Each structure stands twice: as structure tokens, then as C-alpha cells.
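*Asks:* As listed in TrEMBL for this protein:
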| type | residues | note |
| --- | --- | --- |
| SIGNAL | A:1-28 | signal peptide |
| TRANSMEM | A:252-279 | transmembrane segment |
| TRANSMEM | A:307-327 | transmembrane segment |
| TRANSMEM | A:391-408 | transmembrane segment |
| TRANSMEM | A:475-499 | transmembrane segment |
| TRANSMEM | A:505-524 | transmembrane segment |
Amino acid sequence: MGMFSAGRGLVGLVLAGLLWLSAGSALGASEASSAPDPGRGLLTELAEADYNGKKAVIDTIVASGDERSRRWLESLADGKLQRLKDSGDFVIVLRNRGREWPVVDALTFEDAGEVSRRALDRIRINNALRGYLDSSLALFDLRVDDPQARLVAARDLIGEVDESSVEPIARLLAEESDSDVVTTLELALAIQRLDQGDVEAVEVLAGNLDSRARAALSQASRSDDPTLAAAASEALTSIEQVLKINRAAETLYFGLSLGSVLVLAAIGLAITFGVMGVINMAHGELIMLGAYTTWAMQQVLPGQPGLALLLSIPAGFLVAALAGVAIERSVIQFLKGRPLETLLATFGVSLILQQLVRTVISPLNRTVVTPEWMSGSLMVNDALSLTLNRLYVLGFALLVFAALMLVMRRTRLGLEVRAVTQNRAMARAMGIRATRVDILTFALGSGVAGLAGVALSQLTNVGPNLGQNYIIDSFMVVVFGGVGNLWGTLVAGLSLGVINQVLEPWAGAVLAKILVLVFIILFIQKRPRGLFPQKGRAAEG
Amino acid sequence: MIRILPSALHRSLSRRLTGGLALSVLALGISTTALAEDAQDPIKVGILHSLTGTMAISESTLKDTMLMLIEQQNAQGGLLGRELEPVVVDPASNWPLFAEKARELLAQEEVDVIFGNWTSVSRKSVLPVVEELNGLLFYPVQYEGEESSENVFYTGAAPNQQAIPAVDYLMNEVGVERWVLAGTDYVYPRTTNRILEAYLAANGVGDDDIMVNYTPFGHSDWQNIVSEIKQFGSAGKKTAVVSTVNGDANVPFYRELANQGVDAADIPVVAFSVGEQELSGIDTAPLVGHLAAWNYFMSVDNDANYDFIDAWYDYTGDDEAVTNDPMEAHYIGFNMWLEAVRKAGTTDVDEVKDAIIGVSVPNLTGGYATMMPNHHITKPVLIGEIQDNGQFSVVWETPSTVAGDAWSDFLQGSRDLISDWRAPMRCGNYNVVEGSCGAGAAETVASE
């Protein structure tokens, strides 16, 4: 096979390689059986070169047109292309955990059994090489049929285009039918032209919100060429203006998202503390139990994180509700009307639950997998993207809130709860079994805490300390919103979230938290019953 | 009966022993112990790590590491013909309790050495007790420096063995020009970042190109900060984040980075507190390429390391268990102490203290660690990139080992100090300018 000179650059080589691939794959196969496999030579070069040398070898591999080259480059990028220390044979590792790793032969892709990790030598790469590999692979992918895959490939090329790849990309661009791919490729090319000092490229980039376009423009605005610098600065100013609006929208989203977490954590407490008047310091641990239920579900259903997560919603509710009932029956019912003792006793329960998890499961955090459909973000435009996991949690919080409102307003349980809350003696006189209502209310509040845990497992650590991080915030939200008022909890949670996120960029995370606390203290001084105080005689009791 | 007993003993022991240990060694071990006077007391090794409370997540593994090392040593015949007896106490992540428990270990249990502590604040709490009762403490975690005690041996990294080389790597090999210093709001990140700011300024990085950000412990809402980092990084200069974010807060931080699409190729994050154990709580596929600087990685290709890992797998009964840098530090510290006791022929604290300086033992990365006169050790510095299996792949390492520096060369007041615990100087904060052993300067620096 003719070797192309490396000087022609990466992309020329890719294209040539692709031609070879389509024309002579059968030829390659017959050659491999008689002569020694050229792949082995290529991989040996790859293994022995230093980081810079590897780039040239990657070019050679691409140019060789070997149909295995794509898998080689992919497994190299994943760090799974390795070499057996004694025989010097190359393998691709399928699973790299534990003592023995299953591998396939890198030349034949046939199963090669399990190999001890001691016997393997990884072919090292670093970030720079990984980027180079990504753009090499992207050029392969620009030719596939799926427009979505082409778009992903085109995005990988933004900021990675060099002189040698301009021409082939331009050629692919001329054949491209999908408009998104066209725009992305044009952007990628324009950034390269701008780097070369082309003033006209500024026009293409003007108004583009992509951060790499902005980076290229601000680099150009520092250029020695006054026309270029002026044009670039002008384009930057107009972009900045659009960005400001986007940033405001982003901050609002951040605030609502943080707020929804607060609402979720606090809403169970709004029932137990707000409606029943029980100060439950173990509320955070009930949240933790919900999160651990998600983890346990994922252990039971390996490989199906999405399904496990959905099933965790009822399971988490049940587990936390049962734990709540146990706490109510064993501790709280004996301390009715003694808030200080309740506080101390439930604090003890919270410590016991934490240590129980540490001893029984592990003091280490557990991995909860985020399902595919919850990872990444929803792109509104190039500058504004909403992270999906938080978007789901926001929606989930609103759903839980709506469901809870329905229960309290539309069901018999809700009616009885409200009756017992307003006047216990009178409710009992009317034939309501107050004890049963107490248990059910506490179970409901605890179950909702479990739901919060399921949601939080997607945002933060699942570990024994999970609950502690949310207990103070939860009480803060309930007190601020007005004890005994679910609407108050919703409004208080969301507004505290937004206030916090608005303050954070200029005050810093530590100070923002302090300022929010100071604000609440002042507010409670002025209005001790919170945002939405309960009115009427019930409030006096 | 008599014939059954040894085999039962052997079975119960060998179940916990490493595969690498030959039976003959075991037999030898038992017979030498038997030969030595049975009446002789065991040597007591105190283990001062939190088993409950917030720090249990990190520290309980170190307790298990110590128990494993002691078990291995006993199987090889103990030390000076005597058995080693671990004494485990639980300071429960409570800083004042650390001091009480240290006192209990030294005064009541009369242990010969203590291995313990994780956070700097717990070490500061134990320090006066260990000095008063003349104990020995081996501290295995990377820390901010600016301290040197006659009774403490620092087997973790000082800033010049972790932070500075990492910044050098980013500056010289990756070409980073703009820096975000993000940390949790407490003493280690603040001191480290002060050192780094001074170091960056000395290397010609302007104030505009440095962004410093602190967050509370256990911070879980990183949306705004990650978005700010993205903005900061779109100024047309290569940007990197130097993270001293502590423990638990890292998981939500990395999740947010991944979700907002901060790619290691664009803005790499180099962390000083994220190791294999922290990563075991996250799906690392979106984090591939982000960096960490340590003196040990579990992935280091070396037989001593594989033996250690296999022993750890056997000890924990879990083939997915991970090892990390502080565990290696205990491994080194324990072996150094054994060597020093053998050299001194006694466990007497003053003699061991003198004997240990200059002692070299193998580390797990294929080299040797030497105890320096300032009670810090020599370590190689490794930069690793996160892989999709929660491990790091080493991309760069210092050409030779680096000796730990108790007093940073980049801080006012600290750069004139040296520490040397050999006779005749025996001083932890000798001021080379004034030519005196001055506690004054040291206290000003430490209390800042």
C-alpha cells in the first residue's frame, strides 16, 4: 500500500484513507493472510512514540486505510488499546476493573480471554492527543448518513480546524445537506480564518454565541492589525449585549432550580412540622433513606438506571414512610406537646440512622448512575443551556407539590388532617381517630422526604451525611414560608433559591449564604409568622 | 485436639493473608514469636482515625489500611521479635475529641507510635498533646505546610510536592495562561491558594488572569460557579481550574461540569483533593481528561503496587475496592517507622526520632522515599488524567523525587525559615536571616 507523505496533513490522509477503504478492503484482507500484518507495525510505532510522535503515527494509521483503524483510534482514545508486556501483542480491553481484564486481540478482534492487569501496558495519551483523536474521528463521522452524528462530529471540529483540514472540510461542506451541520462547519472554518487574520471571518462570527467563537474574537481584538482588532471588538460588544439577557435568564433558571431542591427537601417537613407541629430533626435522614433506596434499586436492576430510578419513586416513598411510622410510634407519640424533648429525641434518631447506614452499608459514598436521558443539557441557544437533571428535578418538585395539594384539599385524609390540626379535641369528638391521622400524616411527610431523596440522588452525593446538608435549609424554608402553609413553602423555597443565585456571582457562595440567613432573621423579626401566616383561632393554638 | 489447632489457626490466618506470602514465612513468623520471651509485651500502635461522623468517609479506610499492614507485619514475625498490637480509637470527626483521644492513646494505652488524622484542624488539635507527652505521630494526608513539629512526621505532600508541580505542568506542557483557583473555605485551600497566587505572580501571570473562588463545606449547588468559570474561560486564552475543593463537594461539582459541557480539552480541572476514593462515587465517563496531582495513583504499573492492591482486595474481600494516596503514605510511614525501630533497636520515642531521619524505604511507585531532617519525605509528583473506570492515567511525572518543604519559599515570613530536627540545630523554624530559632515568625505565619 502506498504511504502518503505526512506533510499533506491529517485530513488529506483521512480522505485518501477512506478512498482506500471503499476501494480495497477485500485486497487488504487477502494481503493480511499471507504477509505479516501491517497493523502490528503501525501499533508498535504508536506504542513506542512519545506524545508528539504519536500524532504522526495517528496520521499514518488514518492514511493506511485499514478498516480496523477506526476501532484502533477509538480504543486508543478510551485508553483501552494496550500491549501485552511479554509477547508485545496488542489487545483491546473490554472491561478495566478488578484483577483480570477480558480482552480481544487488537488485530483480529477475536476474543483473547482474560489477562491479568499486571501483564498489560497501556498506550498512553494525554488531553492534547485526545483532542487530536477526536477531530480525526470527527472527519470519519462527517461522512456517515445520520445527520445527528454528523452534527456531533461537526461540533467536535469547532476550534480544532488547522490549515491542512480546511480544504477537505470545505469540500464536505459543499456536499452537506443538513442546515445545522452547514452552520456548524461554517463556524468552524470561520474561526480558523479569523486566527489567520481574515477580517471577513468576523462577519460570520458576529452575533454567534458559541464560547469558542467569542474566544477567537477576543483574541483577534488584541491583534496588531487595527482593522481586524476594531471589527472584532465591535462584534464582541454586540455579542456581549445578547449575552447579558441570556445570563439573566440563566441566573433565573439556576435560582428556580436551587429553589426546587429546597422546596422538595422542605415540603415533607412542612407537613410534619408545619401541620403536625413536630420538630423532626431526623427529617434529613429520611431524605437520605430515599436516596439510598435509589441506590439499592440500581443494584437490583443493573444496567437499567432509568427504570430503577422510576421504580425508586414509589419505593423511596414507601421506605421513608415506613421509617417515619416507626419513628412516630417509637419516639414521637410519647413526647406529644413537648417540643424540646421531641427535638432532642429526634436528633438522637438522626445520629442513629446515620451511623446505621455507615455500619451496615458503608461510610463511603455510593454511586448512583444518572440515566442517559437525564445527562447533559437542553440547548436553548449557544449561550443558554438548561441542565437536564435539574430541569427534571424542577418538574418533579412541582409535581410532588401539586399531588400534595390534591391530597390535602381533595381527599378524606386531607380533610381529617386539617380538622385535627385546627382543633384536636373537637375533631375527636366528631369521630375522627386522631392517633390514626397522626400516623398517616407523619407517614405522608416522611414519604415525601423519601421522594426528595430520590431526586437528590441525581444531584449530589449519596452518603451518610446527605441529610445533614439539607435539614437546616429545610427548617429555614418552612419558617420563612409560614408554618402550616404549603403554598408558603413553595414560594419561600423558590424565592430563597433565586435570591441566593442572584447574590452569588457578586458576593461569592459563602457570603451569599450568610446574606440569605441574615435576610431571613430580619424578616422573621418583622413578621414572626413568615410569608403566609395562618389566620384565625387555629393559629393561636 | 493438638493436631487440629495449628491447622485451624493457619486457616483462619491465611484467609486474611496476602496471596504473596509463602507458608514458610508464616511458619517462621510463628516460631520466632514463640522463641522470643512469651512474657514480653506487644508493641502498641495507636490508630487515630474517625470511624464515625463526617470524616469517616475518608478516614475509616486508613484505619483498615493500618490494620492490614500490622497484620502483615505480625505474620512476618512482628518487630524486634515482639508482636504489634493495634489500638484503635474513634475521635468521631470531632476536633477537640482528637486531642482527648490522642491523650488517651499516649497516657493510658501508652502506645509507641500513632498513625492518624486527616484534616489539618484535627492535626492542629492533636499537636500540643503529642508534643507535651512526647509521642510520635505519622500524618498521611497532603496539607498546606507552614508547620514542623519535633513529634510529627508528615508523610503526605507539602504544597511544593503537589500544587506547584501541577501548576508547572499546566503552564509549561499545556500552555495555560488563565487560572481559576477554586477551593473550599478553610485553611488548606486558602494557604495553598495564597502560595499559588504568589507563585503565578512570580511567573508573570497578571491579576486579571486569576479568578479566586471559595465555597462552603459540602457545597452542592455549583451552577453559578461553573457558569462563571465558562465565561472566564472564553477570553481567548487557555484556561484551567486549580481545585482545592474538599471531599464531598466534588461530586456535585464534577456533575455540574459534565452537564454544562465543560470539556477537559477546553478547560481542564486539576484537583488536589480528588483521588480514586472520591471518584468511586461518580460516573467518570464525562470527566475523562480532567486532572489530579498526587504522589501515588492506584493505576501505577508496578509490582509492589499490584501486591499492595491484591492484599487490599483480599483484606476487604472486594475486588472493586480502591487504593489511594494517603494509603500509600501510611504504607511508607509504617515501613519507615519499622525500619527506624529496627535501627534504634528500641521503640523509645527519642531514639526512634533520631534514627528515622535519613531512613529510605520503597514506595509503591517504583522508587524510594527518604525521611528528611524536616520530618517531611521525598516523593515523586504524578499528574494523572481521569479515565472512564474511575482511575487515573499518569501523563507526566517529575524526573526525580521532590523533598517536602515545611516552609513555603513563596510566602512572606515563611521563606526565610528552615526546619532541621537533627542535632545540634533541633529547630522547626530556624530563621536563616536572623540566624536564630524563632518561634515568633512561625506563629505569625501559622495564625494567618
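Including glycine, each Cβ sits where the backbone N, Cα and C put it.
All annotation found in TrEMBL is predicted automatically rather than curated by experts.
Help me picture where these features are in the structure shown.
*Replies:* Within the chain carrying the transmembrane segment (A:252-279), a Cβ under 8 angstroms from the stretch's Cβ atoms is held by residues 286-287, 324, 332, 339, 342-343, 346, 386-387, 390-391, 393-394, 396-398, 400-401, 404, 417-418, 421, 438, 441-442, 444-452, 455-456, 459, 470, 473-475, 477-478, 481, 483-486, 488-490, 492-502, all 6 or more beyond its ends.
Proximity of distant same-chain residues to the transmembrane segment (A:307-327), defined by a Cβ-Cβ separation under 8 Å and at least 6 residues beyond the stretch ends, is recorded for 272, 280, 282, 286-287, 289-291, 293-294, 297-298, 300-301, 346, 349, 353, 371, 374, 439, 442-451, 453-454, 457-458.
Cβ atoms under 8 Å from those of the transmembrane segment (A:391-408) belong to residues 256-257, 260-261, 263-264, 267, 271, 374, 378, 414, 417-418, 444, 448, 451, 455, 458-459, 486, 490 of the same chain, restricted to positions at least 6 beyond its ends.
Remote same-chain residues near the transmembrane segment (A:475-499) are listed as 252, 255-263, 265-267, 269-271, 273-275, 401, 404-405, 408, 421, 516-517, 519-520, 523-524, 529-534, 539 (criterion: CB distance under 8 Å, separation of at least six residues from the stretch ends).
Long-range contacts of the transmembrane segment (A:505-524) within the same chain, counting only residues at least 6 positions beyond its ends with a Cβ under 8 Å from a Cβ of the stretch, are 251, 476, 479-480, 496, 499, 530.
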